[in-house]
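Q: These came from TrEMBL, pasted as-is:
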DOMAIN    B:11-369  domain 'tRNA-guanine(15) transglycosylase-like'
ACT_SITE  B:ASP89  active site, proton acceptor
BINDING   B:ASP89, B:SER90, B:GLY91, B:GLY92, B:PHE93, B:ASP143, B:GLN194, B:GLY221  substrate binding site
REGION    B:252-258  region 'RNA binding'
ACT_SITE  B:ASP271  active site, nucleophile
BINDING   B:CYS309, B:CYS311, B:CYS314, B:HIS340  Zn(2+) binding site
2 protein chains.
Amino acid sequence: MYTLLKQEGTARRGEFKTVHGTVQMPAFMNVATCAAIKGGLSAYDLQNINTQVMLSNTYHLHLRPGDETVKKLGGLHKMTGWNGVILTDSGGFQVFSLAKLNNITEEGVVFNSHIDGKRIFMGPEESMRIQSNLGSTIAMAFDECVENPAPYDYAKASVKRTTNWLNRCKAEMDRLNSLDGTINPHQMLFGINQGATYRDLRIDHMKEIAALDLDGYAIGGLAVGEPAETMYEIIEAVEPFAPKDKPRYLMGVGTPVNILEAVYRGVDLFDCVMPSRNARHGHLFTWSGIINIMNAKYELDENPIDSECDCPVCQHHTRAYLRHLFKAKEMLGMRLAVMHNLYFYNTLMQKIRDNLDAGSYEVFYQKYRNILDKRI
Amino acid sequence: MYTLLKQEGTARRGEFKTVHGTVQMPAFMNVATCAAIKGGLSAYDLQNINTQVMLSNTYHLHLRPGDETVKKLGGLHKMTGWNGVILTDSGGFQVFSLAKLNNITEEGVVFNSHIDGKRIFMGPEESMRIQSNLGSTIAMAFDECVENPAPYDYAKASVKRTTNWLNRCKAEMDRLNSLDGTINPHQMLFGINQGATYRDLRIDHMKEIAALDLDGYAIGGLAVGEPAETMYEIIEAVEPFAPKDKPRYLMGVGTPVNILEAVYRGVDLFDCVMPSRNARHGHLFTWSGIINIMNAKYELDENPIDSECDCPVCQHHTRAYLRHLFKAKEMLGMRLAVMHNLYFYNTLMQKIRDNLDAGSYEVFYQKYRNILDKRI
């Protein structure tokens, strides 16, 4: 359960108790799509880079190895070796983005697997059953993700469907949690606010789902093409209507500066593939901005990626070695880069929390909002 | 320098002192072709899998990042973070196998880079200069590698050239070690026995190079297509003529059983890409034989890869998880598999040494020579 420890303006310092440990918030979730972090990091590596929450994807794990298989293996915690908090998404976002979509009805969605083309039906109940089989700490409600910009009428109808689906998710989750043999009978459910970029739809929807007394609330359907300013405006619009005593999760966001801005506006939880994806292309986050390790100027540079960073990579390896590994296309280069970038994100959250604790978030935010996303 | 601690039949238990530490022999060298172990293992990971010697490739590092660059970075030890013994090969084998070969003369070899087609000349002096720039503990002599079977006359002429090249290597290495600014002024030189599959050429050549009082002796040009029995016969033929007080290194060998057989015949040092290459295809070594982790029977198998194995992978992860990672093509699968296989090889050598110490190598050898290469 969420406890608000301190507030600075709208920014919140809190903690969130779960059966798999307490999450200090604001927090960033490290993405392990197929039950593994890209770049060859294991659950045990995550401990060394101060990870609090691992996020895995329902859609991918439903297809491979299959959620029934994961259940037989004792759930994601036992399968991967990660003992901390795990959040699973609902599969919705991938169904709407990765899969070949056939049909959306009130009942759910028919789509074709991006792996083998197999025809699959997923609705709220299916998503809950899969997430129950995965045994995550936190399950996400099954929602429809519309692209921005979306026509008003479509967005409105879609939000209504998402609300209906949320009620079904809640009922199914309650049922599953009460069954014998459920891996995590304390599985939590977060609802997802939708409404495209329409303030009125967003606010009405947040009010509606806030009444359901869920374990947490996410803002979904952002960072999918709209300008960052629009995203910040939506957060500002819905924040007053999100329950104060529940965590707020901004899905799929974002750059370090996006996170600074969203924390400033009252968000507690984040996830994004950016740190690992950028790492695999040699784009590394530092406290002075983003560097491209492939750059010729690093050929003989014996400094660590970031002299301000305490991560296992910066303690041991030079920019010159990293650059060589990338040029030689050695897997080790990707691994070290991902490790550094995730550590950077986790440390960013730590510094945000420390500054909130100290009442100095405003100063920290003003200092770094013009630095961290800059390519140097 | 090599000290023979104990002998059982022809098998030798020894130790080899270098400026970068003492190698307990017999030993297996872990291959880091481009100054990185395939599968995303760093120099620091090597410590956790009981590695004694890292081997890097002169040809690859000459092309990328360039040996002058490695020298400016302080040599391979400083560049990679590996503090133990490093052996570099001469580049010869790659020049003859990977590169587009233009011309072999008494002077050396002209070839085209496999990366960008650039025309490059390499002879004994060039190979020594590159290896001196890399700063390895042990440099290998530049030799001609002929394919088996090779015509007798060609093999004979080639051996003569290899001997001439060896003398030039020795002179150049002495000169380089005496220069100011040489990274490792104590760099050692190993000669390489050649002669294709001809006993008389092999023996004459070994006698000739033994007289040069080098730091060690390798048997090269084997495991390149000839039957394993032929390889064992060549080892038996040349072994009596290899200096007793120097390490003997069988290049590019081999399977666990190849190693058992070669130790039995007096070999002290090995290298092979097999453990890491097989790992990347899901073929994992165990004390009961080789398993293919992609096999359907492992889908729900919650045992470690090998219940007899103490490696970091077997301590933490199940066959089912490994199989999932391979099926999902996750980099983590490769990393864990490489880590396990290299640990297996390093442990095989440890067990060989322990049994030699205890005078029980014959028993160990007889037990495992019919098991370890078997696919199960």
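Placed from the backbone N, Cα and C atoms, the Cβ positions cover glycine too.
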Q: Which residue counts does DSSP give the region 'RNA binding' (B:252-258) for helix, strand and coil?
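A: Here the numbers are 3 helix, 0 strand, 4 coil.
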Q: B:ASP143 (substrate binding site): which of the recorded positions B:ASP89, B:ASP271, B:CYS309 is the nearest Cα neighbour?
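A: That would be B:ASP89, the closest of B:ASP89, B:ASP271, B:CYS309 to B:ASP143 (substrate binding site).
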Q: Given the recorded Zn(2+) site (B:CYS309, B:CYS311, B:CYS314, B:HIS340), which additional residues of the same chain have their Cβ within 8 Å of the Cβ centre, ordered by sequence?
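A: The surrounding set, listed in chain order, is B:PRO304, B:ILE305, B:ASP306, B:ASP310, B:PRO312, B:VAL313, B:GLN315, B:MET339, B:TYR343, B:PHE344.
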Q: Counting across all protein chains shown, how many other Cβ atoms sit within 10 Å of the Cβ of B:SER90 (substrate binding site)?
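A: There are 30 such Cβ atoms around B:SER90 (substrate binding site).
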Q: For B:ASP143 (substrate binding site), name the DSSP secondary structure in the helix/strand/coil scheme.
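A: Its secondary structure by DSSP: coil.
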Q: Considering Cα atoms only, can you say which of B:ASP89, B:CYS309, B:CYS314, B:HIS340 is the nearest neighbour of B:GLY221 (substrate binding site) among these recorded positions?
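A: Comparing Cα positions, the candidate nearest B:GLY221 (substrate binding site) turns out to be B:ASP89.
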Q: Go through B:ASP89, B:ASP143, B:ASP271, the listed recorded positions, and name the one with the sparsest Cβ surroundings, counting other Cβ atoms within 10 Å.
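A: Lowest Cβ count within 10 Å among the recorded positions (B:ASP89, B:ASP143, B:ASP271) is B:ASP271.
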Q: If I take the Cα of B:SER90 (substrate binding site) as reference, which of the recorded positions B:ASP271, B:CYS311, B:CYS314, B:HIS340 has the closest Cα?
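A: Out of the listed candidates, the nearest Cα belongs to B:ASP271.
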Q: If you count Cβ atoms within 10 Å of the Cβ of B:HIS340 (Zn(2+) binding site), leaving out that atom itself, what do you get?
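A: Around B:HIS340 (Zn(2+) binding site), other Cβ atoms within 10 Å: 27.
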Q: Other than B:ASP89, B:SER90, B:GLY91, B:GLY92, B:PHE93, B:ASP143, B:GLN194, B:GLY221 themselves, what residues in this chain have Cβ atoms within 8 Å of the centroid of the substrate site's Cβ atoms?
A: B:PHE96, B:MET140, B:ALA141, B:PHE142, B:GLU144, B:CYS145, B:ILE192, B:GLY220, B:MET251
